[in-house]
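A.B. asks: In case it helps, TrEMBL gives these features for our protein:
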type     : residues  : note
DOMAIN   : B:98-282  : domain 'ABC transmembrane type-1'
TRANSMEM : B:39-57   : transmembrane segment
TRANSMEM : B:98-124  : transmembrane segment
TRANSMEM : B:145-172 : transmembrane segment
TRANSMEM : B:207-226 : transmembrane segment
TRANSMEM : B:238-259 : transmembrane segment
TRANSMEM : B:265-285 : transmembrane segment
């Protein structure tokens, strides 16, 4: 069943060149989709159009049976509560503790006043604690986020997205600031979330071999256009070079790893 | 694989042996270029020095004996600071008057802080649209450019000279000062964090209270306390200049009306003691916040 459908989505910032030029694809429930492409290809714009942090110029985005671009304020808020998002720089409130940051994920479900006063129900707190424990941060619950390592911060980011009970999580370069070890931990968790919990993941990645190893499907974007859309198994070296617009063989991609993992 | 087009050893050519020459005359090697700015600065300093010399040479002393005047001044200072005493003002009265002055400072800081909090939200670039922040920041910059005493005198036209004018005028100036300080504290929180929260469905007020204020709490508190100290000093001055009650008025009466230097000294010491106590409390408070967040 299609959870997300993009039809001919275009986006123009100031200037004549489009950031997205007629992007169309559908994503099934529980699918792990990686979006790869060079810097400035429109990957971040694409993700932000889906939860309407950026308004599209043309085309249509359907999430479930909701037409994203036509939503009113209140419905837009509802849509966003159903879509989690994690970021390259984690985007946590550094001065607050882990649990406080995770509970921020519940704000979308609350009335303005309850959110302003920070009144969370017992169930919400229990759920937050459980998710934190599952992500292996049980000992850091009451620590301030500026005392955590990068990998731990990103796990807090994932917890904040999960506590929303999302149908889908958008990941904007989740491992671009992490070392290989932390990257592997994060990607393993993301894989578990997609396959184990049935949450759809759309993940912008810079590391082609990571995309190959973890995703069910890869979408290659260059200059705002989809140039590859298919399983990782069919992505050849030539196609990758096409996505990145370089001569074949110049990319630093370890093709051996796809068979190893 | 990665190929380097040039051998790396040509980098070695960037050395004095290979035509890397210093331009300019030998010996004088200015480390600071003489541009227009530096030239303007030199001319300015020269003119100022010449004016000073001219003024000192042509000053009209009339009948003032400089040596005697200096001696008298020192003598007065000695009376003020070494022989403080009280004649009309009992210590209890003085204490009470200081409390009034502190109350004036507290009230204006409180009013100013509350108003500045909301204006600061509108003045923070990460929370409000650019046009709004520009208007707010321009407005408070204008208020700040006019000294507190002038605002008090302007409001004295409507409210009459006294404590009401002092409170309104000082509040006015506190608002502008604190708005800028608060807005800058709010801006410390990165825009991307706000993006993350609004992407999860949180609305503006929730983001403000759950993310922006916890991040800015320490600096907001220290700015407010700093303003309280400034307002305390202002309140002393307003007591004298605008007829608002408090220790400032007694200081004015003792100094300008009764010419009671000993009492001036005593009042100065009382004000000093209170200012130092405030400072100590402020330092302690800030230290405690830094150790133990929130």
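We number each residue from 1, going along the chain as drawn.
Here the Cβ of each residue, glycine as well, is placed from N, Cα and C on the backbone.
TrEMBL entries are annotated by machine, without manual review.
On this model, are these features tucked inside or out on the surface, and what's nearby?
C.D. replies: Remote same-chain partners of the transmembrane segment (B:98-124), defined as residues 6 or more beyond its termini with a Cβ less than 8 Å from a stretch Cβ, comprise 132-133, 136-137, 140, 163, 166-167, 170-171, 173-187, 208, 212, 224, 227-228, 231-232, 234-236, 238-239, 244-248, 270-271, 274.
Packing against the transmembrane segment (B:145-172) from elsewhere in the chain are residues 104, 107-108, 111-112, 115, 231, 234-235, 237-239, 241-245: each is 6 or more residues past its ends and has a CB under 8 Å from a CB in it.
Note on the transmembrane segment (B:207-226): residues 109, 113, 121, 124, 126-127, 178, 181-182, 185-186, 188-189, 193-194, 197-198, 282, 285-286, 289-290, 293-294 of its chain, located 6 or more positions outside it, place their CB under 8 angstroms from a CB of the stretch.
Same-chain residues lying 6 or more positions outside the transmembrane segment (B:238-259) and placing a CB less than 8 Å from one of its CB atoms are 88-89, 94, 97-98, 100-101, 104, 148-149, 152-153, 156, 161-163, 165-167, 169-170, 267-268, 270-271.
Through the fold, the transmembrane segment (B:265-285) approaches residues 79-86, 89, 94-95, 98, 102, 221-222, 225-226, 228-229, 232-233, 236, 247, 250-251, 254 of its own chain, all at least 6 residues removed from its boundaries and within a Cβ separation under 8 Å.
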